[in-house]
C-alpha cells in the first residue's frame with residue numbers, strides 16, 4: 001500500500017505553485033480542481049496510517065497473548081517440576097528406610113547366627129563333659145564289679161568267705177576278728193574255768209555321734225552344692241583326707257592324678273597277666289607289672305590307670321589303687337548329691353560322707369582289702 005501511495009504521489013502534479021490573488025474564472029476552476037485532488041491524497045494517507053496503526057495494535061496483542069501463553073506454560077512446567085521434586089524426595093526417603101531396615105535385618109540375622117553357634121558350642125561342651133563323666137562312672141562300676149566278682153569267687157559253699165558272711169562267725173570270733181589273737185599257750189582247762197567264773201563280755205557295738213561343726217559345714221554346702229574347694233566343707237576334706245590320700249612319692253604324677261580325679265577323667269582297669277604296657281614315655285615313668293609308678297617301689301601291680309585321653313598307662317600297686325578308689329568314691333557321691341540324684345535325709349547323707357572319709361583315712365594309712 002505504501003508503494004502504491006508513492007506511485008500515486010509521483011503521478012500527482014506538484015502542488016505549491018503561487019497563483020494570482022485574483023484569478024480568473026478559468027483559474028478558479030483549475031484551483032477548485034487542484035483542491036479536490038489534494039483532498040483525495042489526504043484521505044489515502046489517513047487510510048494507510050489507520051492500517052499501520054491497526055497492524056501495530058494487532059502485533060501488540062499477539063505479543064501480549066504470546067507472553068501470557070508462555071507464562072502459563074512456564075507456570076505449568078514449574079508445577080510439574082515441584083511435583084517431580086516431591087516424588088523424588090519421597091522415593092529417596094523410601095530408599096533410605098529400606099536400606100536401614102535391610103541393615104537392621106542383616107545385623108539381627110548375624111546376631112541370631114552367632115547366638116545359635118554359641119548355644120551349639122555350649123551344648124556340645126556339656127554333652128562332652130557328660131560323656132566323660134559317664135565313661136568315668138562306667139569304668140569305676142566295671143572296676144567295682146570286677147572286685148566283687150573276685151570276692152565272690154573266693155567264697156564257695158564248702159569254704160565260705162567269713163568276711164563276706166559275718167553271720168557265720170561266732171560272737172567271740174566276731175568280737176576279736178579285727179583285734180589281737182588270744183594267747184594260744186593257755187590250756188583249754190584254764191579257758192574253760194575262766195569261762196565258768198567270768199561272765200562273757202558283751203559284743204561291742206559301733207556308736208556314733210554327729211559332730212556339730214562338721215554337720216553345720218555339710219548343711220551349708222548342701223544348700224548350694226558345688227565342687228569348688230574354697231567352701232569350708234570341701235576345704236576341710238581336701239586338707240584332711242583328699243590331699244594326704246593322693247600324696248604319693250612321685251609328686252608330679254600325684255598332681256596329675258589329683259586333677260584327673262577332680263575332673264572325673266581317670267580310668268582304672270585291671271591288668272591281665274600277659275598284657276604288655278602300652279606307653280609313649282619311658283618304662284621307669286610308667287612303672288610296670290613289677291613296679292608302682294606312683295610310689296616307685298617294687299610291687300606286684302594288678303591295675304593300671306590312664307589320665308584323660310592321653311593314651312599313657314601307669315601301673316599302680318594295690319595300696320595306691322585303694323587310695324585312688326576311695327577318693328573317687330567320695331567325689332562320685334558328692335557329684336550325685338550336686339546333681340540331685342541322692343534323695344535321702346540330710347543326716348543320712350552326712351553319715352555316708354563320713355563313711356567315705358573313713359575309707360580315705362584307712363586307705364591313706366595303708367589298710368585295704370587284699371584280692372586273690
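Each residue's number is its place along the chain shown, starting with 1.
Every residue, even glycine, has its Cβ placed from backbone N, Cα and C.
Among the features that TrEMBL reports, region 'Disordered' is placed at 1-57 (among others).
The compositional bias 'Polar residues' annotation in TrEMBL covers 43-57 (among others).
Here TrEMBL flags 48-149 as domain 'GDP/GTP exchange factor Sec2 N-terminal'. Residues in the domain 'GDP/GTP exchange factor Sec2 N-terminal' (48-149) partition by DSSP class (helix H, G, I; strand E, B; coil) as 102 helix, 0 strand, 0 coil.
Per-residue confidence over the coiled coil (67-151) averages 89 (mean pLDDT, predicted model). The coiled coil annotation in TrEMBL covers 67-151.
Per TrEMBL, region 'Disordered' is recorded for 156-182 (among others).
If you look up TrEMBL, you'll see 156-172 (among others) marked as compositional bias 'Polar residues'.
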